[in-house]
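Chemist: To start, I am sharing the structure in question, which I have written as structure tokens.
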């Protein structure tokens, strides 16, 4: 079917206008289209005539619509007979509106062109169809569509011009997304109410139930979304960062939240010292550790991030000297096996940290000065005395959205201000360089980045303040 024919049919199926409605009346969206159908004499001919009539552009085309339906004659429909709904230009009583293909098939008795009343209900229309029919035309350009889905909660950020329609927008979202039970609207910026990146919200639809369960990277997280930070749009970034970690290494997650980096890393045998200052995040992190059975590898902390950075290296070194290890129980042998059960595998905690993760983009760079003197007096743990390298720091941050290298320079200067070493954009593995990864848009003029660099020796081994 050519594009003009498709547009012609689709225009007939536009949702009825319900301009400026403030409450949802689903009955408004019911309509009946007086159409025609090809009543097929035998169902085995359905595929043949669908293909032929599509070539002649006589089959009704509409997104989400299957033109093969039960025959309009109840007695034939009860026998399982089907029909093909035809385009509106086909008139049952006017053979001159039929193509030669349709006329010939009718003469052969393989089909009959009959009237067909096509009933369309509210369920047929998608979210955009319904909302467009309600909003004034001048608001069609930026219909609220992008939202975070956290478990059963849809989190909107509705702009001012759409606020008069917020409740009806929420109701349509609930209707068209069965997995969503609650719709909320953010009424302040994340973190503006407190330091834990939570936000004030209003419930637009459904119950005020923020206890959610989400699955990410094969892990289950349960939490109260109103009390902790979670962003489902960061799942790709979580996977990217954890892909750098190797089993048996130690990672210090400074602003761990409820564990989107820590718990998946623990699943792959990485030791994670996971910290968050928010007591609620710490509580749900502990739950995630138990739920996902990663307690051998993930250790939760509830400290201020500044203090955690300064003490983390010493804590890991002490754990290594104590002989701390993860004990991995091997799979049980078959019941009838005569072989003795295998011994548990012990994975020792290494003496040094391989990676630091700092996912607090609004202010994480301001924590970097705490790395000065991190390994003061322990130079012998690293190259050239051993094969161990200093840790890589992954620090998330915001910067301007620009096409040139201005954001990169800005990030390098801010890092320099904190650690006293000027890095240049490049490779995280190379001395004096920093890999600046563009994570995602967060606002029209703002983007989120992740700066990854190996901690410079002059910082790590500096005298402690």
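Every residue, even glycine, has its Cβ placed from backbone N, Cα and C.
Fair warning: this is a prediction, and the values are worked out from it, not measured in the lab.
From Swiss-Prot, for reference:
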type: BINDING; residues: 238, 304, 305, 359; note: S-adenosyl-L-methionine binding site
type: REGION; residues: 326-345; note: region 'Disordered'
type: TRANSIT; residues: 1-20; note: transit peptide
Chemist: Name the residues of the same chain, 6+ apart in sequence, whose Cβ is under 8 Å from the Cβ of residue 238 (S-adenosyl-L-methionine binding site)?
Modeler: 216, 217, 260, 261, 264
Chemist: List nothing but the largest Cα to Cα distance in Å, as a whole number, among the residues 238, 304, 305, 359 that the record says bind S-adenosyl-L-methionine.
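Modeler: Looking at 238, 304, 305, 359 as a set, their Cα atoms extend up to 22 Å apart.
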Chemist: Mind giving me a neighbour count for residue 359 (S-adenosyl-L-methionine binding site)? Other Cβ atoms within 10 Å of its Cβ, every protein chain shown.
Modeler: 23
Chemist: By a simple count, how many Cβ atoms lie within 10 Å of the Cβ of residue 304 (S-adenosyl-L-methionine binding site), its own Cβ left out?
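Modeler: Summing over all protein chains shown, residue 304 (S-adenosyl-L-methionine binding site) has 12 other Cβ atoms within 10 Å.
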Chemist: For residue 305 (S-adenosyl-L-methionine binding site), write down the residues of its own chain that are at least 6 apart in sequence and whose Cβ falls under 8 Å from its Cβ; none is a fine answer.
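Modeler: For residue 305 (S-adenosyl-L-methionine binding site), the qualifying residues are 254, 255, 275, 277, 358, 360, 367.
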Chemist: Could you give the number of helix, strand and coil residues in the region 'Disordered' (326-345) as assigned by DSSP?
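Modeler: DSSP classes over the region 'Disordered' (326-345) add up to 0 helix, 4 strand, 16 coil.
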Chemist: Give the helix, strand or coil assignment DSSP yields for residue 305 (S-adenosyl-L-methionine binding site).
Modeler: helix
